[in-house]
Amino acid sequence: MSTVSQKTAQILGDRKPKRSSRVCNMISIGSIRSLLIWTSLSIHYVQCQIPPQIAPFKVLEDLSEGKRVSLICSVTSGSPPISFSWSKGGRPVGPLTGIKIIHFDEFQDQLQIEKLRSEHVGNYTCNAKNSFGTDQMSVAVALKFKPFWRTEERRRILAVTGEKVQVDCRAVGHPEPTVKIFKGIMEINDPQLNVNGLLTIDPVSFADRGEYQCEASNSLGRISSSFTLILSVPARFKEKTSVVTSRRSETTTLKCYAVGDHPISVVWSKGNVKLDKRTSSRYQIIESITTDGLSSELRIRETDRADSALYSCHTENKFGNDDRKVKLVVKDVPGAPQDVRVKDIWSRSVSVYWTPSYDGNSPISKYIVNYWKQHGVSNRPQEFGVPSAQHFTLVRDLQPGTQYVLNVLAENSIGKSEGSRTVTFTTNDEEPEAPPLDVNALTQGPTTVLVSWKAPQKDTWNGDIEGYYIGFKPKNSNGSTSYKKVEQKNNITHEYILQGLNKGTEYEITVQAYNHAGSGPISPQRLVMTRPGEDSPDVPRLFVDAVTMDSIKVHWQLRTGGQILNYTVHHRQADGGAWLENVIVNSTDNSYALTGLRSGTTYEIFLTASNGAMKGDPSQILKIQTLRSPDILVEIFESDGDLPIYMNMYLTVPAAALALAIIVIVVSSCICCRQMKNVQQPVPPQGEMALYGTMVPQRYMDAAGNEVTVTYGTVPPVDPGAIQLQAQTVQMQTAGTATVVPTIANANTTGTWSRKEAPKNRPLPVPSEASDKATGHLYDSAQ
């Protein structure tokens, strides 16, 4: 509340009413007077709180350049103090050239423009403000003038392709001018390029170069300007990457098209290696100059797998450079599958695994499994396909016990790969499927039968034939069949002599093959009758006397006496073939020499005796190998199981001599060591030598049977000249036995042994001590 109001209220409040009428009259007159004074003061106070109010500006017309303009801002009402401010287009009027602001009094302000110019054109606003409010009033200062360019005209504009270019064609004028931009005779109406006369090209291209024209016009006039857009084109590639495919052995062309101002260059490289004619004779670079750049081609003759790589071409001129990548994919046949292995093997199938290899830059369409038999005539390869996503398969329908060779190939759209590393495998055995062929049985004597047969067909073996079972039993006998086990030989025709049969008895003979898995089917029966044995000659016992490179000498002995008309020596090579017979009549010494034999070859020999009435059973079969050279004796295999090994003098004599030499060496060494410990030996004089210990020279016996004297025992310290080595050579005789004979030259020092007779006439075994049993006989082995 104002002071006047407060005072008025105070005056009114300080007066107290009186009850007398006089007082009442006085109060009425005083109250009216106070009310009038309060009302007058309140009206005056309200009139002092008025916000400013500006009088409207006068409209300015026909303003021209260079005229003086005055804008007067007059406040018609408002409580002082009042402040003034000016603005143009919403911004405070600054220190513009030619503008003054004059403050007349607290109710009036003036803006003066000395000389009107285009920059003075705009909306001017006067703002008045006091403590109770504000007010503003605006007026437009419009100057009519023909257009002119906002920026200086340029005749040439240089730009680089790919960059942003702006050309200012904006014009100033009143009324607002209209701006048009032309390229040649075509107006550019694209709002993204032409924005109120500002031409923007982003990015500028080679097609944008040329002559341009700008036009601006209003009601007062028209102006135009032209300029040339000149482009400097840096070296660049329109395509940054590409992929080229080719087949192996073809000629492939890689292209790079560079755009840019001349001079411009293109350089090819493979990885970090620059390519040119000197890099490889297969490379050829061809360049062609174009109107807007350079075209370069890289030709590669007879492309191969190694040419598959990332190639790059680099272009450059004085305005810039660029790179382009070209990937060459040479399609080739796939690489051979790796790590081919057979994992599981059965008798008629196997599982095969492998690892994929290089696909030749073309997807694998399938794998091909090839397999064939390692041996035999029917080893034509067989094959089947496997899907490309599968890296294992099962090979079926194989033959048991057969060795196969397998490899795997890969195939794509170009062709087939080379075969992988071959894998050899053998299927598991099964029992033979067929019986032996051409089984035959022939009587050889009263108790012997010669059984012959051929092996089953190879494709029915189901494995390697290990041997045969020969079954025999008397015909119509209720007993079980007896079997002889015969080992397999590489002969075309197999033979075996059954011995110990009953005389004059008909036998049923069968043969069946067996392998690791079991026995095959039995052959058809063959019947054979042994001979009656009342007058048959005795079975001779056969021995070997001497062996040379081309001859074998044997002798024989009958167990019992009897009239013998002739003997027949049968022989053949041990690896098979027909038996050759040599008939001997009137042999006085029961011996015979086979001549014209091959050196180093094993022969089989047996003997039969005949008394004219019938032929007796054959002897045991001897296996003898002829000498390879004059100084080498080979082992002689005795097939007679009844003949003890100690009866073979070619084995027992050297073994006994070796054992004797070892015993002598050990005993002599012990005696010498004991004497050396117990006896102090004097130091020998200068120039003399004392000998201690044992001296046991090696014993040597040559192939001719010559012998060397061997010294043994302890050697006392004597003059070295007293030690003598005696030798005696004994000529090998045609018959006789070898014995060890001591020669007493010195009872304590030496001894000799001599072979008096060649081992070819060694003592014969006592017939009563030889066993006639077939069990354990050498005939139990393959013949």
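Keep in mind that glycine also has a Cβ here, set from the backbone N, Cα and C atoms.
Annotated domain 'Ig-like' per TrEMBL: 52-142 (among others), in sequence order. Along the domain 'Ig-like' (52-142), the predicted structure has mean pLDDT 87.
According to TrEMBL, the feature domain 'Ig-like' maps to 147-230 (among others).
Taken from TrEMBL, the feature domain 'Ig-like' applies to 234-329 (among others).
Per TrEMBL, domain 'Fibronectin type-III' is recorded for 336-430 (among others).
Marked as domain 'Fibronectin type-III' by TrEMBL: 435-533 (among others).
According to DSSP, the secondary structure content of the domain 'Fibronectin type-III' (536-629) in residues is 0 helix, 47 strand, 47 coil. Marked as domain 'Fibronectin type-III' by TrEMBL: 536-629 (among others).
Per TrEMBL, transmembrane segment is recorded for 649-672.
Residues or ranges marked as region 'Disordered' by TrEMBL: 750-783.
According to DSSP, the domain 'Ig-like' (234-329) comprises 3 helix, 59 strand, 34 coil. Residues of the domain 'Fibronectin type-III' (336-430) grouped by DSSP class, helix first, strand second and coil last, total 0 helix, 46 strand, 49 coil. The residues of the domain 'Ig-like' (147-230), classed with DSSP into helix (H, G, I), strand (E, B) and coil, number 3 helix, 49 strand, 32 coil. Taking DSSP states H, G and I as helix and E and B as strand, the domain 'Ig-like' (52-142) has 3 helix, 50 strand, 38 coil.
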